[in-house]
Amino acid sequence: MNNILVINGPNLNLLGKREPDIYGNITLENINQKIKLHFKNEDLRIDFFQSNEEGKIIDRIIESEKKYNAIVINPAAYSHYSIAILDAMRSINIPVVEVHLSNIYKREEYRKKSVTAEASLGVISGFGYYGYIMAIEFILNNLSIGK
């Protein structure tokens, strides 16, 4: 069985309330349910983690290598400046795919750069919750995980 960890960063617990014109009305819990439902027939365990605290995200990334085959991460605002999260991502030997709900390249100038992308296999941006599904599909179909 493959084990994938989905990490969500700061303020994503506010989805459904925060800036619905950008993020829509879907909640993080709804996103997690849609992901689980999409992969219900796969031999796959998906765990979800969300924190507004950088240190907790770093700890979870570092610990993930013991339990998971891959990570899907939405670092949210931390993607634009957290060298600490970048370093944690670089320190592990499992694949990481970065996801953003909105198209960061259509946003404010300071949101157009993702420092964490440097440690990601790829970045999926602008497809809403479906970006998480795309990331997991990529991991399952293109990487030799759990073998």
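Each Cβ is built from the backbone N, Cα and C atoms, and glycine gets one as well.
Among the features that Swiss-Prot reports, active site, proton acceptor is placed at Tyr23, with the record citing sequence analysis. Counting only residues at least six positions away in the same chain, the Cβ atoms of Leu15, Leu101, Ser102, Gly128 sit under 8 Å from the Cβ of Tyr23 (active site, proton acceptor).
Here the Cβ of His100 (active site, proton donor) has 22 other Cβ atoms within 10 Å, regardless of which shown protein chain they belong to. Here Swiss-Prot flags His100 as active site, proton donor.
Residues or ranges marked as substrate binding site in Swiss-Prot (evidence: sequence analysis): Asn74, His80, Asp87, Leu101, Ser102, Arg111. DSSP classifies His80 (substrate binding site) as helix under the three-state reduction.
Swiss-Prot lists Arg18 with the feature site 'Transition state stabilizer'. DSSP assigns Arg18 (site 'Transition state stabilizer') to coil in the three-state reduction, outside any helix or strand. Long-range Cβ contacts of Arg18 (site 'Transition state stabilizer') within its own chain (separation 6+, distance under 8 Å): Asn11.
Summary for the binding-site residues Asn74, Ser102: the Cβ-based neighbour count within 10 Å is maximal at Asn74.
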